[in-house]
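Visitor: Structure provided below as structure tokens; questions to follow.
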Amino acid sequence: MICLTLAHKTIDECVSDVRMNRQYIDLCELRVDFLCDKDRERAYLFPSLVDVPVILTVRRKEDGGAYSASEKRRKELLLRCLDGDFAYVDIESDIKKGDVEEKAKQKGVKIIRSLHDFSGVPSDIYSKIYNLSQKGGIAKVCLYLNSFSDVLTLFRIQEELKGVEKIVIGMGPYGVCTRILYHFLGSILTFASSNEAAPGQLSAAELKRIYRADKINDRTAIYGIIGNPVSHSFSPVIHNQGFKTINYNAVYVPFLVDNIRAFFSLAETLKIRGFSVTIPFKNEVLSFLGNVTREVKQIGSCNTVVRVPGMWKGINTDYYGFIAPVLPEIESSRIKSALVIGAGGASKAIVWALRNYGVKVIILNRTLERAEDLARMNFCQYDSLDNISKYSKTVDLIVQTTPSGMVPYEDENPAEGYVFSGNEIAYDIVYKPKMTKFLIEAEKAGCTLKFGSQMLIEQGKLQFEAFTGYHYPQSIILDEE
Ligand code: ATR
């Protein structure tokens with residue numbers, strides 16, 4: 001079930017939030033603590049104004065809520081609210097049996113016993129959940145995840161506490177994957193919001209339309225992307241749309257990872273079938289692979305990993321994604337020479353691809369040694385990025401492969417000093433924003449432009465084939481904007 005958290009000042013705003021999200025949600029949670037004083041008094045009316053079951057919550061400040069008056073007044077407020085037809089009431093784990101619980105039971109309102117920890121995952125979390133469940137009702141834990149190891153701990157809850165009815169939420173950026181894969185935590189629901197009421201919360205539309213989170217079941221195959229950062233990635237849209245179109249019971253999830261070993265451990269726990277790899281793991285992932293393709297060996301970096309019997313296999317689809325949009329120009333000899341800015345993981349695949357097609361390449365990098373190493377591997381020229389002006393108007397293609405120019409560095413242009421002739425093809429692998437400063441300058445000079453989104457989509461389609469064995473559906477029109 002997808003539950004919409006309503007953290008607004010007025011009942012009217014809460015009602016319109018439910019109406020706007022109605023098609024994506026199964027129930028909602030009224031956070032009475034966020035309502036203004038006047039509307040707190042009429043909160044009991046709320047369930048009659050919407051057509052979904054409602055959870056009643058008056059969260060205290062110390063638990064991450066907005067209620068700061070006395071405990072006595074909070075209980076009085078809860079009792080008044082229970083005059084309305086709420087389906088559930090949230091009662092914190094430290095609250096002793098009393099009038100609120102009594103009234104809820106009399107009215108057939110289900111009790112959720114909640115525990116919040118904004119500092120991290122307690123070491124005795126499994127017994128804490130078990131103890132909560134023993135008090136009767138649904139046990140709920142909301143924990144801030146500080147690292148990927150915390151993600152692992154959360155996904156083991158289901159193994160430890162299989163028969164327990166529970167709600168488990170991982171908060172913060174590391175928790176995003178737990179909010180999508182809540183079924184694998186054994187959680188009966190996940191929370192969504194239109195104003196990120198808790199850190200890491202996704203919108204109901206994202207959970208339902210992109211991830212189909214409410215349709216995930218034991219047989220759902222899990223795929224994903226590992227990176228740091230990863231939240232900006234467009235890959236979940238590419239793959240989840242593909243899965244849906246070919247009717248494949250699978251989900252593709254962003255995993256923010258700080259420790260790649262911990263991720264491989266989770267990959268075993270969840271039986272993850274395959275994943276994409278982005279900054280900064282394209283090199284580090286190699287040591288975890290039992291088998292790699294010839295391209296991965298030669299390029300020295302891997303952006304796609306699939307499970308094969310007994311091991312993980314590494315593939316590189318970046319080189320194809322990069323070359324596909326310029327292949328016609330290479331084949332017609334419009335492109336015979338190229339300047340490549342940057343010498344990192346992405347540049348490795350790009351330089352390899354260009355050399356493979358016989359294009360003459362000059363690598364320019366901020367750190368000269370890295371340019372030299374890459375140039376040596378691929379038999380091409382190199383220089384310091386400081387000397388870029390020397391290469392003005394000398395090449396057919398200029399490729400920008402660094403994160404400079406990408407959000408939040410939109411004001412940067414690593415090719416500053418280069419004077420375009422207007423005959424070059426300018427290619428930026430950054431896809432957010434679409435028009436980087438580098439591409440704006442190139443367009444002014446009259447150059448043909450190639451966009452990072454084209455590369456992303458092409459490499460994603462090939463990755464989809466590696467994951468599923470099917471071609472990417474032609475009917476899908478992808479546009480990252
Ligand atoms: P990726 O795997 O995405 O290529 P990477 O391996 O960290 O990431 O490489 C990033 C590339 O962008 C490097 O070539 C880096 O230059 P250095 O080798 O000197 O570090 C380059 N880069 C990053 N920020 C840059 C900036 N502000 N200006 C110019 N080059 C930059």
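Using N, Cα and C of the backbone, Cβ positions are placed for all residues, glycine too.
Automated prediction, rather than curation, is the source of TrEMBL annotations.
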Visitor: Which candidate from Thr220, Thr278, Thr402 does TrEMBL annotate alongside Ser233, Phe234, Ser235, Asn303, Asp318, Tyr431, Gln459 at the shikimate binding site?
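Guide: According to TrEMBL, the candidate sharing the shikimate site with Ser233, Phe234, Ser235, Asn303, Asp318, Tyr431, Gln459 is Thr278.
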Visitor: Using only what TrEMBL says about NADP(+) binding by Gly342, Ala343, Gly344, Gly345, Ala346, Asn365, Arg366, Thr367, Leu368, Glu369, Arg370, Ile429, identify which of Gly321, Gly405, Gly452 is listed for that site too.
Guide: Gly452
Visitor: What is the separation, in Å, between the Cα atoms of Ser233 (shikimate binding site) and Leu368 (NADP(+) binding site)?
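Guide: Rounded to a whole number, the Cα-Cα distance is 30 Å.
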Visitor: Could you check which of the binding-site residues Phe234, Thr278, Gly342, Gly344, Leu368 have their CB within less than 6 A of ligand 1?
Guide: Gly342, Gly344
Visitor: Between the Cα atoms of Arg366 (NADP(+) binding site) and Gln459 (shikimate binding site), find the distance and write it as a whole number of Å.
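Guide: A Cα-Cα distance of 27 Å.
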Visitor: Please report how many Å separate the Cα atom of Gly342 (NADP(+) binding site) from that of Thr278 (shikimate binding site), as a whole number.
Guide: 16
Visitor: Across all the protein chains here, work out how many other Cβ atoms are within 10 Å of the Cβ of Ala346 (NADP(+) binding site).
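Guide: Ala346 (NADP(+) binding site) is surrounded by 26 other Cβ atoms within 10 Å.
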Visitor: Can you give me the Cα-Cα distance between Gly344 (NADP(+) binding site) and Lys282 (active site, proton acceptor) in Å, rounded to a whole number?
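Guide: It is 10 Å, counting Cα to Cα.
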Visitor: Going by C-alpha positions, which of the recorded positions (Lys282, Arg370, Gly452) is nearest Ser235 (shikimate binding site)?
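Guide: Out of the listed candidates, the nearest Cα belongs to Gly452.
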Visitor: When the Cα of Phe234 (shikimate binding site) is compared with the Cα of each of the recorded positions Lys282, Ala346, Arg370, Gly452, which one is closest?
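Guide: Nearest in space to Phe234 (shikimate binding site), counting only the recorded positions, is Gly452.
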